[in-house]
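Quick look at what TrEMBL lists:
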- C419, C423, H455, C458: Zn(2+) 1 binding site (BINDING)
- C446, H452, C478, H481: Zn(2+) 2 binding site (BINDING)
- 361-370: compositional bias 'Polar residues' (COMPBIAS)
- 371-380: compositional bias 'Acidic residues' (COMPBIAS)
- 414-491: domain 'Recombination activating protein 2 PHD' (DOMAIN)
- 359-380: region 'Disordered' (REGION)
Amino acid sequence: MSLQMITVSNNTALIQPGFSLMNFDGQVFFFGQKGWPKRSCPTGVFHFDVKHNHLKLKPAVFSKDSCYLPPLRYPATCIFRGSLESEKHQYIIHGGKTPNNELSDKIYVMSVVGKNNKKVTFCCTEKDLVGDVPEARYGHSIDVVYSRGRSMGVLFGGRSYMPSAQRITEKWNSVADCPPHVFLVDFEFGCSTSYILPELQDGLSFHVSIARNDTIYILGGHSLANNIRPANLYSIKVDLPLGSPAVNCTVLPGGISVSSAILTQTNSDEFVIVGGYQLENQKRMVCNIVSFVDNKIEIREMETPDWTPDIKHSKIWFGSNMGNGNVFLGIPGDNKQASSEAFYFYMLKCAEDDVNEDQKTLTNSQTSTEDPGDSTPFEDSEEFCFSAEANSFDGDDEFDTYNEDDEEDESETGYWITCCATCDVDINTWVPFYSTELNKPAMIYCSHGDGHWVHAQCMDLAERTLIHLSEGSNKYYCNEHVKIARALQTPKRVLPLKKPPLKSLHKKGSGKIFTPAKKSFLRRLFD
């Protein structure tokens, strides 16, 4: 094992607590920034590029047929293949926290659809579930098992907010363990089934899970209700015949007491557990090797890396699995001096460089947790919260740097909509359509009913027309509602009555002379 320090740029922070890393063919990608994506990266997905011990984030893009992926923090992720022999893989993402600090219950599937020298294009699709749909949660695990030529997702553990009836103002963000149910999820048909196993009595969060063929191994974890980290080791075996699945749980000896550890795979039969916590506010400095011989699991301690004094003395540490036996670690910087870095970063290599990762065995662990300010003790912040300074992009990319002051809640703004049946705006790009807009397509407000936002691009509005309509208080109606507006025309204008000209009070040649009283009467008559 070797430990190397990693340097980052000094731009505004992009990486925030609860991020996730995905490895596609040796390339590592990051998503889960805190806050809605901005001009720095419209999708919130970055190429996590580490070269010569220096970290750079390069924006990635989504294909036009992708759904929008929120910057979820603390989700459960895993690798999914069509079969054990398949080389191509996708990532399954479930749950996590949204920038509004709410919890998600959605499942997303991430896959690579295009590559070039500078950017990778992803396709993200949302998977709808029916049946026993797992409640929104975070700090849980999702894995894929393979049995009899079939595959199935296995979801377990996590935390969720208290029931709405109990969420009072003082305890609005209070969380509780999810019931210890095991969910089987069919990704092909979108079916979910819940199983209650007698061996699983208490809810667990931020545990380590390893999927191997038809079995899931659950190690460690933290029980919020009991405030303990039991030395758990469970094996959950899933049999997938043509009929109903069979799920069995076995309690195995030799477990370890740890939460929020990072799991990385070094070869097809061997894993390494790094970091985590063994007690509240006490890091677990021991590393373990998890090996499989003849379908039997064995856990033993291994020689620890030469931890630096900063790592040894820090109260918290955080990080994530980069794949290929590499782990990205971070610790808080020394804030006693104004010039000190906010965080220091390291990369721990648990395998030799020439060892290729065999993805037939799939791994998953919960490596991110609460923001330090979101909870009182370190109990929640122990789940590997991660932060970093943003790094510079390549000069050729010409992306604006991220500014945390620009953050705002854009979950309800009109940009994230399909404004009409023929809407052709790609919600995954932030390229302005008009020069009047800085960071998103130009929009205008339709006054029909309660009103709604529409894209000027979809309404075929010229930029000068948009500027004219925006400057005044005139009502605008989109193409769909303009016919309704025309039907509500005002009545035809009635021309005012013309006043007859004032006749001469004295007609020439008539010889008729009007008295003053007669003149006054005539004036009133004609006026």
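Cβ coordinates come from backbone N, Cα and C, glycine included.
Nobody curates TrEMBL annotations by hand; they come from automatic prediction.
The structure, with features from TrEMBL marked on it.
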{"residue": "C419", "record": "Zn(2+) 1 binding site", "contacts (Cβ under 8 Å, 6+ apart)": "V425, M443, H452, W453, V454, H455, C458, C478"}
{"residue": "C423", "record": "Zn(2+) 1 binding site", "contacts (Cβ under 8 Å, 6+ apart)": "I417, H455, C458"}
{"residue": "C446", "record": "Zn(2+) 2 binding site", "contacts (Cβ under 8 Å, 6+ apart)": "H452, W453, V454, Y476, Y477, C478, H481"}
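Within 8 Å of the centroid defined by the CB atoms of C446, H452, C478, H481, the record's Zn(2+) 2 site, lie the Cβ atoms of Y445, S447, H448, G451, V454, Y476, Y477, E480, excluding the listed residues themselves. Apart from the site residues C419, C423, H455, C458, the chain places the Cβ of I417, T418, C420, T422, D424, V425, V454, Q457, M459 no farther than 8 Å from the centroid of the site's Cβ atoms, the recorded Zn(2+) 1 location. In this model, the domain 'Recombination activating protein 2 PHD' (414-491) carries an average pLDDT of 73. Neighbours of C458 (Zn(2+) 1 binding site), defined as other CB atoms within 10 A of its CB across all chains, total 20. Scoring each of the binding-site residues (H452, H455) by how many neighbouring Cβ atoms lie within 10 Å, the top position goes to H455.
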